[in-house]
Amino acid sequence: MDSSATDGARLPPPRAGSRLCVRCGERKAALKRPKTLEQICRECFYIIFEDEIHQTIVQNSLFKAGERVAIGASGGKDSTVLAYVLSELNRQHNYGLDLFLLSVDEGITGYRDDSLETVKRNEIQYGLPLKIVSYKDLYGWTMDDIVKAIGLKNNCTFCGVFRRQALDRGAALLKADKIVTGHNADDIAETVLLNILRGDIARLSRCTFITTGEDGPIPRCKPFKYTYEKEIVMYAYFKKLDYFSTECIYSPNAYRGFAREFIKDLERMRPRAILDIIKSGENFRISTTTRMPEQGTCERCGYISSQKLCKACVLLDGLNRGLPKLGIGSTKAGARADSDGKQRTKRSERNTSSLQGKHGNFDF
Amino acid sequence: MHLTLEFGGGLELLLENSTKVHKVEVTTPKDGQGKVTMKFLLSWVKENLIKERPEMFLKADSVRPGVLVLINDCDWELCGGLDAELEEKDVVVFISTLHGG
Ligand SMILES: [Zn+2]
Ligand SMILES: [Zn+2]
Ligand SMILES: [Zn+2]
């Protein structure tokens, strides 16, 4: 009966929930898994979803018993589901982890205020201690202030550099051994694509790593590396998890938006495309001649840096001296935002700095 | 036909007062033997509920890829997608996966 339904041009479409779960054969199917196209019921979905993440954690040895793990929590769907699932798995499988929620308050009125409220509810709902670090406290500037000073054009450079450092600093305050983030399979596929489009080979191979920054102060890992966004949102919906969903008002990143749209179009035609793109990203291996820059520390704030001053300190210098463009033009990220003419004159500079861009726009 | 429509994941921002739940009465179309299909419902929603940026919700004649649809809490991909036929008192949920991680 079921096989005829797949080509069922003639048959009336089956009513909602009239098919049985292919796993248990008992309950009505509630969703079609993008990864496998299996039709499964809610209960089986919970089990498979959680178990796949558990397997990812175990197979990649993401954690050791006794570690303190900071969950980068934005109040959005991915980090909310991550906090929930990780605390469940920690209990069920006795990982022996001390879990914390770590949020960054960029100081964006009407956006971050609301999402922080969500994180504060999560703190109570999941019983995880919450630490909030703010741009205002760390840098003396809120994102609102920064946008007022520099306009909307390059603000994501600040946001990216500052957020990455803020998470590290917050994690250090928590004495965390690791940071976990909610980046999912769709996000990683999108980043692979963007790095190909930019010819950024260093980031291309690195962005698929499940753990990064092992040479830095605190390693970061992505337990959702193989988890589809569709399933994360379905999980949150069925479990009625409380998350916040409004785009950052300062991040009209059109280029990334197109990449995302393209990934979603591909997924509709062939859901496996997402995993395949991650796989291709993994298969690009950086050649040994491409050396990563040597790590030192920032003279001013002590953060890891390959230059005398870290990127955040350079940007802050500019802001504080009323020259907010300072430090933007000399990175790849900033050069892209500049006009074509300016870019050409900076080519030589860009070539030397392209591999040092560890303070990227994105958290990879 | 009485339907309950729910919008989430940021889609509610496209509607009047960002209201998430809408109890609506959809007049059955004259053609197609008076059946309300999902395809019909999508164009009805576009005409009657969406106040701004319809491209965040629809693409071509379907929902924008990345918008999840559930009919009575069942993934619409299991119910025939655009051809799924709705019945009195059905609950249809639309969730965008495209907003903020
Ligand atoms: Zn089942
Ligand atoms: Zn931003
Ligand atoms: Zn510094």
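Residue 1 is the first one shown; counting continues down the chain.
Just so it is clear, glycine is given a Cβ too, placed from its N, Cα and C backbone atoms.
According to TrEMBL, the feature ATP binding site maps to A:Gly72, A:Ala73, A:Ser74, A:Asp78, A:Val104, A:Gly182, A:Asp187. Using a 10 Å radius centred on the Cβ of A:Gly182 (ATP binding site) and all shown protein chains, the other Cβ atoms total 24.
The annotation compositional bias 'Basic and acidic residues' is assigned in TrEMBL to A:335-350.
If you look up TrEMBL, you'll see A:69-252 marked as domain 'tRNA(Ile)-lysidine/2-thiocytidine synthase N-terminal'.
The domain 'Cytoplasmic tRNA 2-thiolation protein 1 C-terminal' annotation in TrEMBL covers A:296-326. Proximity of distant same-chain residues to the domain 'Cytoplasmic tRNA 2-thiolation protein 1 C-terminal' (A:296-326), defined by a Cβ-Cβ separation under 8 Å and at least 6 residues beyond the stretch ends, is recorded for 139-141, 146, 149-150, 154, 157-158, 161-162, 165, 168-169, 216-217, 356, 358-359.
Taken from TrEMBL, the feature region 'Disordered' covers A:330-364.
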If you tally other C-beta atoms within 10 angstroms for each of the binding-site residues A:Asp78, A:Asp187, the top scorer is A:Asp78
Residues among the binding-site residues A:Ala73, A:Gly182, A:Asp187 lying close to chain B by Cβ (under 8 Å) are A:Gly182, A:Asp187
In the structure shown, which of the binding-site residues A:Ala73, A:Val104 has the fewest Cβ neighbours within 10 Å?
A:Val104
Validating a neighbour-count step here. Other CB atoms within 10 A of the CB of A:Gly72 (ATP binding site): how many?
25
Please spell out the DSSP helix, strand and coil residue counts for the domain 'Cytoplasmic tRNA 2-thiolation protein 1 C-terminal' (A:296-326).
10 helix, 4 strand, 17 coil
If you measure every Cα to Cα distance among A:Gly72, A:Ala73, A:Ser74, A:Asp78, A:Val104, A:Gly182, A:Asp187, the residues said to bind ATP, what is the biggest one in Å?
20
Please compute the mean pLDDT of the model over the domain 'tRNA(Ile)-lysidine/2-thiocytidine synthase N-terminal' (A:69-252).
90
